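Asks: Below you will find the structure I want to go over with you.
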Amino acid sequence: MVLDLLMRIFPSAYNWSMIHKILEYSKKERERERSKLAMDPSLYEAAMWGDIGFFTRTACNGDELIDLLHQKTPKDNNKGETPLLIAARVGCSEVAEFLINHAKMLQFRGADQESGEADSEAHKKVLRMTNFDRDTALHIAARYGRGGVAILLIEADPQLCCFTNSTNESPLFLAVGYGFQLIAAFILNRPVSPSFQGINDVTALHAAVTHSNRKAKLALTLPGGYKSNEAAVLQENRFFQMFMVFNCFSFYSSTSVILATFFAKIKTMDPSLYKAATSGDIRFLRSDRFLDQKTPKDNNIFHVAAEFKQADFFKNVPLDVQSSLFWATNKKGDTPLHVAAGVGCHEIVKFLIQHAKETQIHGADQESGPADKDAHKELFRMTNLQKDTALHVAVRNDHGGVVMLLMEADPQLCCFTNGANESPLFLAVRSGSPSIAIYILNHSDPVLPSFHGTNGVTALHAAVTHKHLTGRGIVEMMVSKNPDVIRKADALGWTPLHYAALRGNLEATRVLMQYDSSASYILDKSGISALHVAAYAGCIRVMEEMIRHRPDTCDLLNDKGQTILHAAVLGEQIHVVSYILNNPMFAGLINEADKDGNTPLHLAARYQNREIIRILTDDPKVDKTAINEEFSRAIDFFLGDNSGEQEIFDNQRVLHHLGRSTGVPFFQQQINRDFKKLICPDNDTSCTPAIAADKREKLQAHSDLASKRLDTNLLVGVLIATVTFTAAFTPPGGFKSDGTPVLNENTYFQAFLMFDFISFFFSSLAILNDFLVATVLPIRLAAPASLVQLSIGGMMVAFTSGALAVQPKRQTLTLGDILVSIIFVILFLVAVLPMVKSLFQIIMRKKYPLTL
């Protein structure tokens, strides 16, 4: 063979050539030259076909032969494979066996002559060489199902079964995963314990149970595997039989432990014990074996007894019962004291307080002297998972008697806050429990109770929003006990005075201003003062109270530069606007503009509040021609939001109030619009003079058309009013000698008179609507067109009724009678419903300006 010949001449080879690393002769020179050469074709064919005569036919000396053997293919073995790995991949058992034996021969020849013996493990280093993926030859053989090569490798080095590659795959995992059960069985039957590891923490057993080959699964779960008849291979072996006996014993023992542990985690209470705790039956307390039982919520018998207010169950507990059960917690962290406080059982709470004190005395160390007098209070201060103490629970559930007991036992409980930063005092005030809040304030001495609440809100913030609490004197008690809380701001920057102004709480405002009037200067994060809030909410008396203490607060501005008059307009508070206009001290606020140059009139026009517009424009001190930073007047705001024909038609009265002067501001506005292209982007076509002029022309055209329609409606209304007025005094059928209508008893005649009156009423209202309605009714009425439509509808029904009245008598109504009536009802509802809706909104806005 070629390999035998080469190995006798060159004893070492481990790289991608016919035999690697034969000699180290002139290594650097030969490596430099080899990089320029490819393998000789004759040499390649000789290696591929096993032509051993090639070397005898080639006449070359030793150096030439070495150069020949160092030749490589262009592939240059870029996977890091040795000849042994390649032999394992292609399944060549002969080459693999030769290389294994050759490694052993090299080990023997390389033995240290001085020591007299070779290292018995040295050759295994060659067998354990890996490629760039850290695959050994056994990995390759297991992946490709090369059973013969795998057996040779395992017999030569059983430890190969313990190696894993770069993806953490063992040979056993690969054999099982690819379904080569014979290789897997051979690996398992070796004396060395193989590695079961696989990729992503998947083991060989995972792969086996998911593999379709049943024999591979059985080989992993039973030593020796199974025969073809499903019988164990080692069933006659005594050690195997002993294995089966002890394996079964171990299985049943471990299963029992698992089941016991599993059921121990599912806590249950004996039904009889549970009923005894709920009914107060103390007979079960005589047996200690029942005391540790718990419900699925981890409630012990004292939790259950407290929940059902069974005080006798606590009082009759034997002295030798473990006291720790009284303070055990359930899954929510609640002790029996929490449960008793939640249900409001005074007797149980009193018992537990006394029990805690007695436990402290009995537990004192006699050698060290008396016990710490406050040690028992730690039990009262125990918190649940929400950090609630028993006092928090009692206050939240409005159990005043329990609160008294706990406060007497430990006044400092009122200083603790829960997980939401809520103090007991805050909870009492927020829930509207004045008696509890007063008790906490009066019985917290010598400590100061905590005022903390959620999101920076204090108990005083909450108190001023409840007017009935102010009447009980709670606000005054709070500020007298802790004056600094007046200036405390919440997450929005609002102080208690802001909230008092918002809710219109005059009494609270008086108390706060009396103790610290400078709080009225505090602005929130948006620069809003309490006076702004009062103006926005429509609370005139609150405004007067703050201004009486601090008159200069009326000059406060928010971050937008807006005054209290701006705030009143934004809040649509008509009475506040009138109050400011009629008060001389506010004269400077009437035309004051904000940072955008908008006066209160601008804002009223922007938000379409017709009544406020009327009030402002009726005041001679209001400047109707004031312009803002964009050279816009109030009328421009109003027209900008009402550019349609119907909107302008409906708002002629407002336009009349706002005025239509064409002085300097008009030209400034025109210049600003026409020359806006100088400061607008080039692609903004809306800024061109042509488009601006077109918009103005369309707006003027709409306005002219609306005026013409208004004139037409007025003319029609006058005609209808004239006709209906005349018809009332010229009834169909004429008059009797006494001056009464002939058809006075006729039902149709009565309907004629009623609808004639309705038609006259709506036509008259359409006439007066443009002149008088805006000053009489502060609501948005239907448009004149709708009123005219109603009057026409009434006139149609009146005509039909009059015609029927002069007809011969009929027993029933016809379909025409019914249709005419329905048409009028529909027209009536279409016109009246918007009026009712508008009136309702104004009433509700006055009654409830803003709710917290």
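Cβ coordinates come from backbone N, Cα and C, glycine included.
As annotated by TrEMBL, domain 'PGG' applies to 218-266, 708-805. Positions annotated as repeat 'ANK' by TrEMBL: 332-364, 455-490, 492-524, 596-616. The transmembrane segment annotation in TrEMBL covers 239-264, 712-729, 749-769, 781-806, 818-840.
Give me the local environment of each listed feature.
Replies: Residues 297, 299-300, 302-303, 305-307, 309, 311, 314-315, 323, 326, 370-373, 375-376, 379-380, 382-386, 388, 390-391, 393-394, 397, 399, 401-402, 405-406, 409 of the same chain, all 6+ positions outside the repeat 'ANK' (332-364), place their C-beta atoms under 8 angstroms from a C-beta of that stretch.
In the predicted model, the repeat 'ANK' (455-490) has a mean pLDDT of 91.
Sorting the repeat 'ANK' (492-524) by DSSP state (H, G, I as helix; E, B as strand; all else coil) yields 23 helix, 0 strand, 10 coil.
A Cβ distance under 8 Å defines the sequence-distant neighbours of the transmembrane segment (749-769), meaning residues of its chain 6+ beyond its ends; these are 713-714, 717-718, 720-721, 724-725, 727-728, 731-733, 741, 743, 781, 784, 787-788, 790-795, 797-798, 801-802, 805, 824.
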Asks: In the same chain, which residue numbers or ranges, 6 or more beyond the ends of the repeat 'ANK' (492-524), come under 8 angstroms Cβ to Cβ?
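Replies: Sequence-remote neighbours of the repeat 'ANK' (492-524) are 458, 460-461, 463-465, 467, 470-471, 475-476, 479-480, 483, 485-486, 530-531, 533-534, 537-539, 541-542, 545-546, 549-550, 553, 556, 558, 849-850, 852.
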